[in-house]
């Protein structure tokens, strides 16, 4: 059915074309030619010029004529230079490129021969094409704007010129003594305020060179008459004259500084002290203050020191005052003298001054402008050395002052003054000393000295000051301390050591280093030095050597004796190994204090090994308790399983965690000056003593409970001999274990008081022979071990006999092999 419809439709289309064909045939041209084509005949068409089709002759109405792009790259059309080809429908045009125009006047042309294009001068057509500070410059086909010198094109607007800031762009060649001043399109090199051009130099061009104006010598300053003009680079300052100080609220070293006379520092008697001698001294001081003139500062200083020297040489009724009041008077004199000398010394001329007086009082002063060096002041009994930069107060332009006054007579008023030590230093002293004697106070060995600077902020110096004291001989078995006088809130004070350390001491001299300034001295404190007992040393080394041998034999026994290997011997083996390593390291490395890092590592290792030893002691006690409990409750296999899971993580893990925490918190406290062990400062030693006390306490409780269980067991037993003997052996081992593994550490902690020496001997003897006791109890007293020793002994003798027989047999064979000799 579909095929029939298609045939009918095709026949209908043919029928429709027949009239046209008849018409074309009648004219001789095809009516179906496509657009932009021309008829050739009744059956063919051809595209018009400027168009093309798939074939040159079109024979079907389905073909089309398309425009030819004559301006395409492969086209033969050539418009010539300065022109562009423009394609049109069926043709093309040549036009001049932008910026060019034809001379002939025709706007389009067809080929290069008709090309008359030439450049258009846009700058001539529009002279204002470029904006301010720009000049139009014609180019082929276009133009550019060139900026005047000192200007540059703005990137976002190529017709606009903006000013170049030569001062910030680094393009100016101004001399370092000048200041660059930017102008529109240019710059100037001008002298700064307080500067002027050198002779022959202009002021403005780039070759300007300037020099500082000395306002002080030229009279251009405005300093007040109470000040002195000081020229500075590019400016000047006004400083107070010697003996003057800035008025209240007005800073010194400014152009508007105004000064007034510096009055004598107020120095009055201490309140609550009644002494005619002291009153006469302060009357002299008040008279000196009323008559004080800045130009007479040198004389005033000498008069004050003379009066103080006389006061301390003959203190009179001051010696009858209670000790506390004498200390208060001394504190008041030291504090006031420092303030007065600091103020008066600022009025002295630059240089080094030394004063000495009959009773031994000395003053050394150095006044200088600030310099970058160290300063050393020397006296008969003391030397002070410090960095000169410490003397200058920030913002104070005046001269720097360093002073050292030695007052030997002050020791009379400071007799029996208390000494207050820092807690850390107190603990450190107790490590090497028995402690302060109950019936003695510190003895003043050296003169009392007082150091002062023009800078009164000396509580925390950026670099320490060093003192070298000469003093009388030190009594043997005493401790020498570098101290300073710390003023109390009640007007008195005490000796202290905060911020001061003893660098070194000999029989008659001591070097001290402090981070602050005050009044200083050297004390001889009544400490009994803990000298090393040679007998204890011999006992320690001999006992530990024997213990090492016994521990090695015990460890080999626990490893090689198959008959006794169980959970108990595993505990014994780990305990023996830890104790062996700890004792060995103690013997060879406890005194290796020369290298701090190595000593710290040794101390940390000893800490771990002894903690591990203690932990295995605890596991031994726990296992002994569980074994005793097993006498009444049959669960031996569960005890073994429990101990096997527990013992290694606890035995080695707990000490490792403890040492790791200690090392992470305070690693610098591993290693002491005398041995590679834990320092007592800040309670660090309790990282070892704490576990010792805890384990000893737990072991004691377990021991008592074990004895109670054994007591009940013994009372319930019948007369069966073997059971009774085994139970008694267990009780004996329990008692021996407490004595060997717990009692020794308890004795070490109890080395205090009158019985300290006895405890030290007991601790040393028992602890050094600990390995011997372990070998005795766990090896020699064990029947199975003795039997194994017997087997090993027989085997060794048998091997020895066989070796001897083999040797004899070899000798006999050698003799028979020799030829006989006939005489």
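Glycine is no exception: its Cβ is also placed from the backbone N, Cα and C atoms.
Keep in mind that this is a model prediction, so the values were computed, not measured.
Long-range neighbours of residue 39 (disulfide bond) (same chain, six or more residues apart, CB within less than 8 Å of its CB): 29, 30, 33, 45. The disulfide bond annotation in Swiss-Prot covers 29-39 (among others) and rests on experimental evidence.
Swiss-Prot lists 33-45 (among others) with the feature disulfide bond.
Long-range Cβ contacts of residue 65 (disulfide bond) within its own chain (separation 6+, distance under 8 Å): 34, 35, 36, 37, 47, 48, 51, 52, 53, 58. Residues or ranges marked as disulfide bond in Swiss-Prot: 47-65 (among others).
Residues or ranges marked as disulfide bond in Swiss-Prot: 71-85 (among others). For residue 85 (disulfide bond), the count of additional Cβ atoms within 10 Å of its Cβ stands at 16 [all protein chains shown]. According to its DSSP assignment, residue 85 (disulfide bond) is in a strand.
Look at residue 117 (disulfide bond): DSSP puts it in a strand. Under 8 Å, Cβ to Cβ, and six or more positions away along its own chain, residue 117 (disulfide bond) finds 80, 81, 82, 83, 96, 97, 100, 101, 102, 103. Swiss-Prot lists 96-117 (among others) with the feature disulfide bond.
Residues or ranges marked as disulfide bond by Swiss-Prot on the basis of experimental evidence: 123-136 (among others). Within the same chain, residues at least six positions away from residue 136 (disulfide bond) with a Cβ under 8 Å of its Cβ are 122, 123, 126, 127, 129, 130, 143, 144, 145.
Under a cutoff of 8 A between CB atoms, and with a sequence separation of 6+ in the same chain, the neighbours of residue 161 (disulfide bond) are 130, 131, 132, 133, 134, 145, 147, 148, 151, 152, 153, 154. The DSSP secondary structure for residue 161 (disulfide bond) is strand. The disulfide bond feature in Swiss-Prot is assigned to 147-161 (among others); the stated evidence is sequence analysis.
Long-range C-beta contacts of residue 180 (disulfide bond), restricted to its own chain and to partners at least six residues apart, with a cutoff below 8 Å, comprise 166, 167, 172, 174, 187, 188, 189, 190. According to Swiss-Prot, the disulfide bond annotation covers 167-180 (among others).
As annotated by Swiss-Prot, disulfide bond applies to 191-210 (among others). The Cβ of residue 191 (disulfide bond) lies under 8 Å from the Cβ of 177, 178, 179, 197, 203, 208, 210, each on the same chain and at least six residues away in sequence. In this structure, residue 191 (disulfide bond) is part of a beta strand by DSSP.
Here Swiss-Prot flags 240-259 (among others) as disulfide bond. Of all Cβ atoms in the protein chains displayed, 21 besides its own lie within 10 Å of the Cβ of residue 259 (disulfide bond).
Residues or ranges marked as disulfide bond by Swiss-Prot: 482-512 (among others). Every protein chain considered, the tally of other Cβ atoms within 10 Å of the Cβ of residue 512 (disulfide bond) stands at 28.
Taking the Cβ of residue 514 (disulfide bond) as centre and 10 Å as the limit, one finds 23 other Cβ atoms among all the protein chains shown. Under the three-state DSSP scheme, residue 514 (disulfide bond) falls in the strand class. Here Swiss-Prot flags 500-514 (among others) as disulfide bond.
The domain 'EGF-like 1' annotation in Swiss-Prot covers 25-66. Under 8 Å from some Cβ of the domain 'EGF-like 1' (25-66) lie the Cβ atoms of residues 89-91, all in the same chain and six or more residues away from its ends.
What Swiss-Prot lists as domain 'EGF-like 3' is 119-162, and the listing cites sequence analysis. Outside the domain 'EGF-like 3' (119-162), and at least 6 residues removed from its termini, the chain residues within Cβ reach (under 8 Å) are 82, 97-101, 183-187.
Per-residue pLDDT, averaged over the domain 'EGF-like 4' (163-211), rounds to 85. The domain 'EGF-like 4' annotation in Swiss-Prot covers 163-211 and rests on sequence analysis.
What Swiss-Prot lists as domain 'EGF-like 5' is 212-260, and the listing cites sequence analysis.
Secondary structure at residue 240 (disulfide bond), as computed by DSSP, is strand.
Distant neighbours of the transmembrane segment (606-626): 567-568, 571-572, 574-575, 578-579, 581-582, 585-586, 590, 639, 642-643, 646-647, 650-652, 654-656, 658-659, 662, 670, 676-678, 687-688, 691-692, 695, 698-699, 702-703, 705-706, 709, 733-734, 737-738, 741-742, 745; these residues of the same chain sit at least 6 beyond its ends, with a Cβ under 8 Å from one of its Cβ atoms.
According to DSSP, the secondary structure content of the domain 'EGF-like 1' (25-66) in residues is 3 helix, 14 strand, 25 coil. Ranked by Cα separation from residue 71 (disulfide bond), the disulfide-bonded residues 240, 500, 514 are led by 240. Of 85, 482, 500, all annotated as disulfide-bonded residues, the residue with the shortest Cα distance to residue 259 (disulfide bond) is 500.
Counting same-chain residues at least six beyond the ends of the topological domain 'Cytoplasmic' (562-569), those with a Cβ under 8 angstroms from any Cβ of the stretch are 623, 627, 639-640, 643-644, 647, 778, 782, 784-785, 787-788. With respect to residue 240 (disulfide bond), the closest of these disulfide-bonded residues in Cα terms is 514, chosen from 482, 500, 512, 514. According to its DSSP assignment, residue 71 (disulfide bond) is coil. When the neighbouring Cβ atoms lying within 10 Å are counted for each of the disulfide-bonded residues (33, 71, 96), the highest count belongs to 96.
Applying DSSP to the topological domain 'Cytoplasmic' (562-569) sorts its residues as follows: 6 helix, 0 strand, 2 coil.
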